[in-house]
Amino acid sequence: RDKRSSRSRLLNGIMAEEPVNVNGFRELARQTLPKMYYDFFTGGAEDQYTLKENEEAFHRITIQPRILVDMSSIDLSTMVLGYSISMPVMIAPTSRHKLANPSGEIATARAASTCNTIMVLSISSTCTLEEVAACCNAVRFFQLCVYKRRDITAKLVQRAENNGYKAIVLTGDSPRHGRREADIKNKIIIPELKNVEGLLSTKIVADKGSNLDALANQTRDPSFSWEDIGWLKSITKLPILIKGLLTHEDALKALEVGAAGIIVSNHGGRQLDYCPPTISVLEEVVHAVGGKVPVFLDGGVRQGTDIFKAMALGAQAVLVGRPVLYGLAAKGENGVRRVLEMLKDELELTMALSGCSNVKEITRSHVRTKHDRQLLSLL
């Protein structure tokens, strides 16, 4: 009994500690959540190579600082589709926030509003898009997967537009659901999707494995292609960002169909395993786009130096997903706010120590990639 009591006090002490970086929130989330839900949020596809590489690839990029620059004032603000935000960090679309905290996406949106940044609400949210719109004045985008029933998709887009969402983020890398082995082993059962309640039955029972796979594969439209972007544009006046690009070929396609922006993403390593980490292909996409539309990045962003590196390679801003969920699980709305504040503070310090007083001063010359070093070694 004494040993159990000592262990309990130790765990309570750990839980009471304030993390010093966003990875600390991951450990708090692990202690807080049931294993099934923790695995759902943290897991990736198959061998999880891409999941791990999303973070590791940042470690292979070094920063080239400039010294003796006036750093008495540093401005982290930037513009995204005409909206001013306090830092080049947005909240990525992630599903089912109520599995992390009873307040769900409402808590996440309020933290985004407090930190003056943009939240992209997932179509698979556990609060309705109307509830999130009514809870605060955060700038919100709506993430969309296209269902086989196009009439339901059209209704969701119209609801987003009517409720003040400022853009549609079309996920393009999910014609089928990635094989997430932890969810299969846990036989995860997910809650009803609030946004399609009364429109689409999500009570699907899988013969084996997770009902998440069965739900996605039975409801999403695997035929949706570049040719269908015109249909999506015809049903909304909102700008459309396309998420899930990893190649210059698809970047050029996005320009052809009139995308308002591109999000370089591999779905957090949750779809196709052994595809490249996003930071490794960011520059390829940026060069293909040639400044015609903004390029954003998600995947593996865990600290301020990661944000700095992404911006140096051409991203206008980054999106963070798992760290937000860890903060939400650990400490609710305050946890999400602290995660965003930590990333902002770390970016500000990185800029100060690198000689950049505003985000426009972060340039390609401030970083050196593995490829750069190989070229230098040949000189």
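Here the Cβ of each residue, glycine as well, is placed from N, Cα and C on the backbone.
The domain 'FMN hydroxy acid dehydrogenase' annotation in TrEMBL covers 14-372. For S122, Q143, T171, K243, S265, D298, G299, G300, V301, R302, G321, R322, the entry in TrEMBL reads FMN binding site. Under the heading glyoxylate binding site, TrEMBL lists R180, H267, R270. Annotated active site, proton acceptor per TrEMBL: H267, in sequence order.
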**Fill in**
Top of the binding-site residues R180, H267, R270 by count of other CB atoms within 10 A is R180
**Asked** Which are the residues of the chain, R180, H267, R270 excluded, whose CB is within 8 A of where the CB atoms of the glyoxylate site average out, their centroid?
**Response** G43, G44, A45, G178, G268, G269, Q271
**Prompt:** Relative to the Cα of V301 (FMN binding site), which of the binding-site residues R180, H267, R270 has the closest Cα?
**Reply:** H267
**Prompt:** Which site among G299, G321 has the most other CB atoms no more than 10 Å from its CB, taking these as binding-site residues?
**Reply:** G299
**Request:** Output, ordered by sequence, the same-chain residues six or more apart from S122 (FMN binding site) with a CB under 8 Å from its CB, or 'none'.
**Result:** P93, T94, S95, R96, E105, Q143
**Fill in**
Among S122, Q143, T171, K243, S265, D298, G299, G300, V301, R302, G321, R322, which the record lists as binding FMN, the farthest-apart pair of C-alpha atoms sits at a distance in angstrom of 22
**Prompt:** Of T171, S265, which of the binding-site residues has the most Cβ neighbours inside 10 Å?
**Reply:** S265
**Message:** Of the binding-site residues R180, H267, R270, which one has its Cα closest to the Cα of G299 (FMN binding site)?
**Reply:** H267
